[in-house]
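Trainee: Before I ask anything, here is the structure I am working with.
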Amino acid sequence: MSQVVPHNPGPTQSAIVAPNITIVRALSSVNEDESTSDAPHILPQDSTSDDSPSTLLLRNENAKLKHDINFVLHFMNESMKPRKMASHLPSVPKSSSSSVNRFVSHNEVTLIAKGFDYLTKTIDDEGDAVGKFMTSYPVIEEVNGRHHLLEELLIRMSVRLASDSRNYAAIRLFLGVVLSTFDTATDMFMYFEYKRGGDAGYANATLATLLLNLGLQLLMSFFQNRKMSPRRRFFEALYVLTFVKPGIDAYRVAIGAEQEIDTLIDPKTEMVTHKGLELFTEAIPGTLIQMYAFFAGSTHSSAANFSLLTSVITASFTATGISYDLDTDRYKRQRGPEFYGYIPGGSKRMTVVTSMFGICVCQLGSKAFVCALCAVEDKMQLVIYILVDLLLFFVIKMLCRDFTYWPAIEGTASILISVLMRTGAKIITDFTGLVHLRHPYELGGAYWVWTLLSTPIVGFFFGSRYLAFVESEEGKAAGLSLVLQSSSVYGIVAGLYRILS
């Protein structure tokens, strides 16, 4: 089989490979000008006719050396090429899985490079990924046995590839920030829209959700930085008041900032907590207010419908992002492998994340729809329903002696934080079905499942009451009946269409 000659990398690939060229030179153990060097590893030209055992051995070792250099360079070029991630670990033919004296073909190098890409993207720890890679491809282990610096080269390459993945994660984080900011802007727009339309109640309720969000985020910022300097506390509060706190949190997570000594929680947990507060105080209540205004006949303008759609999408994206960030965290997967790791690698990852987003959209749309039906008939009925449901959750947590929340806070602050966080977790699960909140420290698996199942059950109950309330309007009743028969996106859209028509 012919020897593989490495392809000339393009400009981008050259920039990526260049920092590792010194390692490749170290593998060869020769000088840069090896073509003119009299190093013992290179066979002299005038000795080609010498067939002595020592010369044949030297010629064989020289061929192995050139093969190893060509193989490593070719492998680096193939590994750095952008490609779609494989759905499984590729394998090479058994006959070529390990051979000391053979040259690896171009197709085999490509398969090995795909395997390296797959393992670096599915295993968070670079050392574990490289170890798995070498045991999966004996030819790599064989070359590493002759040149131990190959393992260092592979680790550096995996770190480089992981940094590319972190860049994509950073883009996703900042996309979430843009959506969150845009949702806040649409809520402010709806505040003025309600004011102009004479709906002071809806306007004041919308403004109250924005102020409540700011207030609770300021409170969280105070507890997080209460031991820091006054200057630090001032700027952290300023970030909240100027609505740039989500961007600051996303930046800290993107650069891998570590937890500071005098802070309460690490940057990623802080970002997730602020996202949860935004869901609890602004995104979910804002969606509910706009849904209620829609059914109460306040306004059916295109701007109002667009704002409602934006609120649903933003809240669902935020909830999905929280679960994704927590589940793919390498340290959480190491400490709790029995809970974390439900999001797989490869092509299945996008399928799972998309499904999670769809669940959030359906749960939020269904729950807001049910609450709007309840409130249209009697607002106090909705308040009683939410309070009784929340009180039942509190009683169960107290009976399990699990009401106090997990951060290390004592005294009155501990009670305040526990009430706030337990209420937030319950409301967020009710409206979004956030997957991470099935954790034993939050709702627990059994109560999380019951929360999701209770939405259609309660929906049929309040739906039947509302149908009796508007039974004289046959067209609307038919539309509502269609909606209540399905918790899917299709059912909601079809039902709303029949109501409007």
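Cβ atoms here come from the backbone N, Cα and C positions, even for glycine.
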Trainee: Examine the ranges 100-123, 412-435 and name the one recorded by TrEMBL as transmembrane segment.
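Mentor: It is 412-435 that TrEMBL describes as transmembrane segment.
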Trainee: Please find, within the list 165-182, 237-254, the residue stretch that TrEMBL describes as transmembrane segment.
Mentor: 165-182
Trainee: How about long-range neighbours of the transmembrane segment (412-435): same chain, 6 or more residues beyond its ends, C-beta under 8 Å?
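Mentor: Long-range Cβ neighbours of the transmembrane segment (412-435): 216, 223, 276-277, 279-280, 284, 287-288, 315-316, 319, 322-323, 327, 342, 356, 359-360, 363-364, 367-368, 389-390, 393-394, 397, 403-405, 442-443, 448, 451-452, 455.
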Trainee: Should anything in the same chain at least six residues away from the transmembrane segment (202-223) have a Cβ under 8 Å from its Cβ atoms, list it; otherwise answer none.
Mentor: 184, 187-188, 190-192, 194-195, 233, 236-237, 239-241, 245, 264, 273-274, 277-278, 280-282, 285-286, 289, 293, 298, 409, 413, 417, 420
